[in-house]
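K.L.:
Below is a structure I'd like to ask you about.
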Amino acid sequence: MPHFAIGASDFLLDGRPFRIVSGALHYFRVHPDAWADRIEKARLMGLNTIETYVPWNAHSPRPGVFDTSGMLDLERFLREVAAAGLYAIVRPGPYICAEWDNGGLPAWLFQEAGTEVRRYEPKFMAAVTQYLQDVLDIVRPLQIDQGGPVLLVQVENEYGAFGNDGTYLKAIAETIRGAGITVPLATVDQPIDAMLEAGGLDGVLRTGSFGSRVGERLATLRRHQPAGPLMCMEFWDGWFDNWGGPHHTTSVAETAAELDALLAAGASVNIYMFHGGTNFGLTSGANDKGIYQPTVTSYDYDAPLDEAGNPTEKFHAFREVISRYADVPDAVPLPSGRTAPEFTAQLAEPIGLLAAAPGAWSEHEAMPTLDLLDARVAIFRTELRGGGPALLSFGEVRDRVQVFLDGAPVGVLERERRERAIMLPHSRGRLELVVEDQGRVNYGPRIGEPKGLIGPIRLGADELTGWSACAIDLDRLPRLWDAAGCTPAALVPGPAVWRATFELDGPSDLFLRSDVWGKGIAWLNGFNLGRYWSRGPQWTLYVPSPVVRSGTNTLVVLELDTLPTTTATFAGAADLGPTEL
Ligand code: GLA
C-alpha cells in the first residue's frame, strides 16, 4: 500500500518528496451528478489533490441522525476523487467556518443549557466524539495506506482565531486518531503569531490560511513550524459576498503571481476555492463584527471554475503557473461557450403563507426562539385587546420580522439596521409576525446564538405573552397546491407561494433572474435553489442541470415581500452583481 508521511522538509509519498497541489471543492455545494465533471477539471488544471470540509450540521440535522444521502454522500465523493487519480484532504471540523450556517455546528447543540462549543466541555465533547466517529468511519477505509485517496486530515479550523483551550484541541486530535485515522494530521491558522500559537499542537503539522504577501506569511508560519513541509491550507484566490455588499473579484494576474510565489518557495497549497459552488437551500452563513451581514446564495468565490463549473481566465492562468512546477495534462477544458436558454414563465396561483401556514402549530406563554421550534421561518400569532396606537418592541430581531395586523402589512424590521420597534396603528385584533432566520453567524463569538425574536416582546410597557407559533415546513411549499385547504387567491397581501411551469427539450444549467423580485426562496422541481433578495449583489440564482427535466418543469417561489412582476425570467448567464472597482 502507498504511504504518506511528513518528512524533515517535505511531505513524503512512498519515501519520495511530494508537493500537494490541491484545490477546495465542497461536495455539499455541488450537485452530486456534477462532482465527476468538477473533479476532472481540477485534474486538468494540474491539481493532484481535492480538499473538502465536512459540514456536521448538514449530516446531522437532529441529534442521533447522520445523513449521507444525495449531496451528502462523502464516500461517493471521495471515490470519485480516487477514480480521477487524485488524492484527497478531509477537514471534518467539527467547526468549519466556510461561510456555512453556524460554521457547520448543529443548532441543536446549543439547546442544552451549559453546552460550550469548541471547548473541552463534556456535553460538547460527547456530541463531537459521536460525529467524528460517524464521519471517520467513512474516511478510515479510504485513507491512502488502505488503498484510498485520503492523505491528510485537518484538526478543527483556525482554532487560534477563536480560543486557546489546548486540552480541547488535543482531545479532537486524539479522537481523530482513536477513530483509526493513521495519515498525518494538520491544523490551519491565519499567519498571526498569537493565532498560530493558540491553534497549533505538537506533533500536528501547522499550516496557514492567506491569499497575499506570500513570502511574509510563509516566514511567519516557519517560525511556528520550524521543520517539515510548508503548506498554505487555504490560498484565498477570491472571496465570498454578503447581501448588500459588492460582488468580490480578485485580479487574475495578481492572484496567479501569488500562487507562483507560493510554489516557487517550495510550499504545498490548497487553493481555496478551486470551485465554490452554491449555498443551496438555507445553508449559507453570516458574518457579524458588530453588523450582521448574511452571506449570499452563490459561493462562486471568483474561483478558477465558476459557480456553473466553467473554467474562467483564472483557471488558465493557474494552470500555466502550475505547469512551471509540475506536469499538467495536455487537455484543456474549453470554456462552455454556450449561453443558457433564455425564456420566461408566468408565476400564478399564489397561496398566502399566513392563511395556509404549512407546518406544525404549537402554543407558548413566552415567545419561543426559532431554534426551539426547529424552524428557519415561522409565523407567530397573538390577539391584542388594547385600543389605540401602540409601540411594539423587541429585545433583538434575528434576523427579520414582518408585522401584520388583521392580515394587513404594518412594516418590516431588520437586524442589519438594528431595528427593534414599530408603531402599530391600533392595538386590537390579530397580530401576526413572520420571522426569518437569514443564516447563522459562522465566524467569531456569535456562532450558535439563538434565532428569532429575542425577548421580551412588549406592547407599550407590557410584555406580550400567549403566542401560537407555526414552524413553516419549507419542504412542503413546492407541494402546497396538493394540500387540503390551500386555495390560490387572486391577490394576497404579505408572503405568498407562487408557481410556474415551463417546458424544455432537455436538461441544461439555468440562471433565474431574481433582482426583479423582493425577498424569498425558490425551488425548481422541488430542489431548493436558495434565498434571493433584490438588494443584491446576487441577481441570478444558479439552477444546476441535473435538477432540470426534459418536458415539464415546475418553479415555485416563496416571496416574503411583494412580487413587482409575476414573470420569471431565465437569463443566458449568471449575474452576481456589481463589483467594487
Ligand atoms: C477562513 C476559514 C474558511 C473560510 C475563509 C474565508 O480561512 O477557514 O472556512 O471561511 O476564511 O472564505
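Any Cβ shown, glycine's included, is placed from N, Cα and C.
Given the structure is predicted, the values throughout are model-derived calculations rather than measurements.
In case it helps, TrEMBL gives these features for our protein:
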| type | residues | note |
| --- | --- | --- |
| DOMAIN | 11-324 | domain 'Glycoside hydrolase 35 catalytic' |
| ACT_SITE | GLU158 | active site, proton donor |
| ACT_SITE | GLU234 | active site, nucleophile |
| DOMAIN | 387-472 | domain 'Beta-galactosidase 1-like first all-beta' |
| DOMAIN | 495-553 | domain 'Beta-galactosidase galactose-binding' |
K.L.:
Which one, from the active-site residues GLU158, GLU234, has the smallest tally of other C-beta atoms lying within 10 Å of its C-beta?
P.N.:
GLU158
K.L.:
C-alpha of GLU234 (active site, nucleophile) to C-alpha of the residue listed as 'active site, proton donor': distance in Å?
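P.N.:
Approximately 11 Å lies between the Cα of GLU234 (active site, nucleophile) and that of the residue listed as 'active site, proton donor'.
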K.L.:
Mean pLDDT for the domain 'Glycoside hydrolase 35 catalytic' (11-324), rounded to an integer?
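P.N.:
Here the predicted model's pLDDT, averaged over the domain 'Glycoside hydrolase 35 catalytic' (11-324), is 97.
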K.L.:
In three-state terms from DSSP, label the residue listed as 'active site, proton donor' for me.
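P.N.:
Where the residue listed as 'active site, proton donor' sits, the three-state DSSP reduction gives coil.
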K.L.:
Could you break down the residues of the domain 'Beta-galactosidase 1-like first all-beta' (387-472) into DSSP helix, strand and coil, giving a count for each?
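P.N.:
Each residue of the domain 'Beta-galactosidase 1-like first all-beta' (387-472) counted once, the result is 0 helix, 47 strand, 39 coil.
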